[in-house]
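Step one of this worksheet: look at the structure below.
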Amino acid sequence: MRGLAVLVLLVFAVQVAAAEDFRPVVFVHGLAGSAGQFESQGMRFAANGYPAEYVKTFEYDTISWALVVETDMLFSGLGSEFGLNISQIIDPETLDKILSKSRERLIDETFSRLDRVIDEALAESGADKVDLVGHSMGTFFLVRYVNSSPERAAKVAHLILLDGVWGVDAPEGIPTLAVFGNPKALPALGLPEEKVVYNATNVYFNNMTHVQLCTSPETFAVMFEFINGYKPATTDIVPQDGDYVKVKGKFLAFATNGDVSGWLSIYPIDENGKRLTRLPVKFMRVKGDFEVRLRKGQLYEFQFRKDFSPIIYHYYRAPFVRDDLWARFLVSKPPLDVELLILPERLSPAAKETSGLLLIRYKEMIGEYDEEIGGVDEVYVNGVNVCTERICPIERAVNGLWVFDRGADGKSDLDREVVRYSIMPFMSAADLVVPAEGTISIAVKSRTGGEESFTIPAWSADRHSIIVQFSDYI
């Protein structure tokens, strides 16, 4: 018995030592992104021994950052979409002078907030440095941040750049990993065929798209080994022991990432989307952040009523199988209120008879075959595949797919492009009539082999928004 006790103490000591050996990881997302793009990676780090609290995320207003800090690059990109190139109207030097004060103020304010996140992570963990990970525009952000002062650089052990900045030198003295996906997946970035960060370790996954690269298990394995010096024990999201999990989530405005206030009701549901309780098991006032304890493996409906809005949001996603501190629930809100684009349909008399959906997956939904990427995704709504070559081409990098009756004419037309959403970043739309009666069946067959399905109530589009988040590891 004494020997068993000694063994238990030794195992416990090893586990504690292993946890203390880890440094905090801080993730910075890209344009129109959030901590949601690091949710799976956070759980993978935890499955490999990291305390979940060691995986931090930094969210910021990506619209302001893009418009002010990367103004000329962004406006040049918009020129190809809207026929307008600001640099042809105002030369870049003049534009820089006009915006320089705003740019400097934004940089100072945003970098100071990141300083606080890093300092808090160091204080909580006892570590002297953090590992920084950036995706897309977040890589430009982090290179600029690390190079802004020796004091900031001194707190960084490793820098990881995912499918973003290229053609630059890695910050001096900081081991840097640059991982790139297939440039066809987001040509708006102007990515060259051969991307490189000088004096860094460069890794290429030509079978991956832009956001998939951020969330994939293969990228996790490369990141983990780079910062720890050995391979991870698993790249799976391993269910934890016990019957309950802790979920820390946030309702935030799409692209600007501001907190959204409202009332949250959480209902357990069965596999047909039917609520198992008359009253919610959790009911709370939220201002962005919330924390709840939920039953592991149980399906839930998250119902959210945004302040000063008649619309009720219904969110559906896979069951939680381990503590999740990075769950994000996107809400449409000015200045980029993308739900306004369906306002004509929502105000029509037919809206009471149809449902509208937003399908989200942080691994692009691809309906166009490419030999390098391999395979296509199939996304079915009531048995109809809405992930076609026209709706989900590779270059559009679709992470958000809207499904509704365009024009409220009672007719489906999957061959017609819904332009209002095709010009939005990472979005597309399918013109499909979904009757607001009974239930809606939704399923995805992934190009990488997995499958996932949901059956949910057919809430009417006049007063309800339905958001279904597919797992990015499927």
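Including glycine, each Cβ sits where the backbone N, Cα and C put it.
A TrEMBL annotation is a machine prediction, not a hand-curated record.
Sequence annotations record features per position, and here TrEMBL assigns domain 'AB hydrolase-1' to 25-183.
Taken from TrEMBL, the feature Mg(2+) 1 binding site covers His158. The Cβ of His158 (Mg(2+) 1 binding site) has 19 neighbouring Cβ atoms from other residues within 10 Å, across all protein chains displayed.
Among the features that TrEMBL reports, domain 'AFL C-terminal' is placed at 243-334.
The feature domain 'AF-1763-like C-terminal' is assigned by TrEMBL to 358-472.
The annotation Mg(2+) 2 binding site is assigned in TrEMBL to Asp405, Arg406, Asp409, Lys411, Asp431. Neighbours of Asp409 (Mg(2+) 2 binding site), defined as other CB atoms within 10 A of its CB across all chains, total 13. DSSP assigns Asp409 (Mg(2+) 2 binding site) to coil, not to a helix or a strand.
Within 10 Å of the C-beta atom of Asp431 (Mg(2+) 2 binding site) sit 21 other C-beta atoms, taking all shown protein chains into account. Per TrEMBL, Ca(2+) binding site is recorded for Asp405, Arg406, Asp409, Lys411, Asp431.
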Checklist entry - Roughly how many angstrom lie between the C-alpha atoms of Arg406 (Mg(2+) 2 binding site) and His158 (Mg(2+) 1 binding site)? => result 48
Next on the checklist: Under a three-state reading of DSSP, tell me whether His158 (Mg(2+) 1 binding site) is helix, strand or coil.
Outcome noted: strand
Checklist entry - What other residues of this chain sit with their CB within 8 A of the center of the CB atoms of Asp405, Arg406, Asp409, Lys411, Asp431, the recorded Mg(2+) 2 site? => result Phe404, Gly407, Ala408, Gly410, Ser412, Asp413, Leu432, Val433
Checklist entry - Looking at the binding-site residues Asp405, Asp409, Asp431, which has the shortest Cα distance to His158 (Mg(2+) 1 binding site)? => result Asp431
Checklist entry - Which residue counts does DSSP give the domain 'AFL C-terminal' (243-334) for helix, strand and coil? => result 0 helix, 56 strand, 36 coil
Item to check | Secondary structure composition of the domain 'AF-1763-like C-terminal' (358-472) [DSSP: H/G/I, E/B, coil] | outcome: 10 helix, 40 strand, 65 coil
Item to check | Neighbour count (Cβ, 10 Å) for Asp405 (Mg(2+) 2 binding site) | outcome: 25
Checklist entry - Same-chain residues six or more away whose CB lies under 8 A from the CB of Lys411 (Mg(2+) 2 binding site)? => result Asp405, Asp431, Val433
